[in-house]
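Straight from TrEMBL, the features:
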type: BINDING; residues: G47, E48, S49, R109, I137, R138; note: L-glutamine binding site
type: ACT_SITE; residues: C79; note: active site, nucleophile
type: ACT_SITE; residues: H172; note: active site, charge relay system
type: ACT_SITE; residues: E174; note: active site, charge relay system
Amino acid sequence: MVTVGVLGLQGAFREHVTVLRSLGADTRRVTRPEHLDGIDGIVLPGGESSAMVRLAAAVGLFPELSARICGGLPTFGTCAGLILLADRLTDDTLSGYDRPGGLDITVARNAYGSQRESFVAPLQVHGLDREFMGTFIRAPQIVDPGSAEVLATHAGVPVLVRSGSVWGGSFHPELGPDSRIHQLFLEHVGVPV
Ligand code: GLN
């Protein structure tokens, strides 16, 4: 059985665990560098990226995660997880803290507005035959996809991208009963569940 790590410092990690297990994967909560040993992939959940970078810094997690991502570890970041994977941010609110990076994209934190401006939108996702309902909560916006491949857009703006084995989405694919995006990710990166 494959084991997918889920970054579990803070945020919506339990929901990802539920989806991954429903697809037949084993999961491991990752909070320290040694938890990265032996996993077949990792999901970085939504939550609060400013809290995640601080908690990760205390244990030196992100430089090690960055090395694993560079080494080909399949990685999927959603919402705050997308912020962690972005090679460039439009503001310096997280500067001074390590982030793993790995996606050649530029991201603007909180660009979709406040918690009250959260919304759900139907998305056409490349590789899925039916729409996926994407939940956007204080979502980051991909303002430049760089060299990443765009798999879905909302109002003309990329919301799901991938570059090799690294995927990132500005919405929350783990909320709700639809596991197709996790399945697509696992299939594409060659993690058989
Ligand atoms: N706004 C949050 C941040 O900057 C992300 C929100 C989310 O993950 N739902 O980290």
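Every residue gets a Cβ built from N, Cα and C, even glycine.
TrEMBL entries are annotated by machine, without manual review.
Positions of TrEMBL features highlighted on the structure.
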residue : record                           : DSSP (3 states)
G47     : L-glutamine binding site         : coil
C79     : active site, nucleophile         : coil
R109    : L-glutamine binding site         : coil
I137    : L-glutamine binding site         : coil
H172    : active site, charge relay system : coil
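Considering only the active-site residues C79, H172, E174, the residue whose Cα is spatially closest to the Cα of R138 (L-glutamine binding site) is C79. The Cα atom of G47 (L-glutamine binding site) lies nearest to that of C79, taking the active-site residues C79, H172, E174 as the candidates. Among the active-site residues C79, H172, E174, the ones whose Cα sits within 10 Å of the Cα of S49 (L-glutamine binding site) are C79. Of all the Cβ atoms in the protein chains shown, 16 others lie within 10 Å of the Cβ of E48 (L-glutamine binding site). Sequence-distant contacts of the residue listed as 'active site, nucleophile', defined as residues of its own chain at least six apart whose C-beta falls under 8 angstroms from its C-beta, comprise A12, P45, G46, G47, I137, R138, A139, P140, G169, S170, F171, H172. Its Cβ taken as reference, H172 (active site, charge relay system) is surrounded by 23 other Cβ atoms within 10 Å in the chains shown. For ligand 1, the neighbouring recorded positions among G47, S49, R138, E174 are G47, S49, R138, by Cβ distance under 6 Å. The residues near the L-glutamine site, meaning same-chain residues not in G47, E48, S49, R109, I137, R138 whose C-beta sits within 8 angstroms of the mean position of the site's C-beta atoms, are G11, G46, S50, C79, A80, I83, N110, A139, P140, in sequence order. You'll find the Cα of R109 (L-glutamine binding site) roughly 20 Å from the Cα of E174 (active site, charge relay system). Counting in whole angstrom, E174 (active site, charge relay system) lies 16 from E48 (L-glutamine binding site) by their C-alpha atoms. Around the Cβ of E174 (active site, charge relay system), the number of neighbouring Cβ atoms within 10 Å comes to 27.
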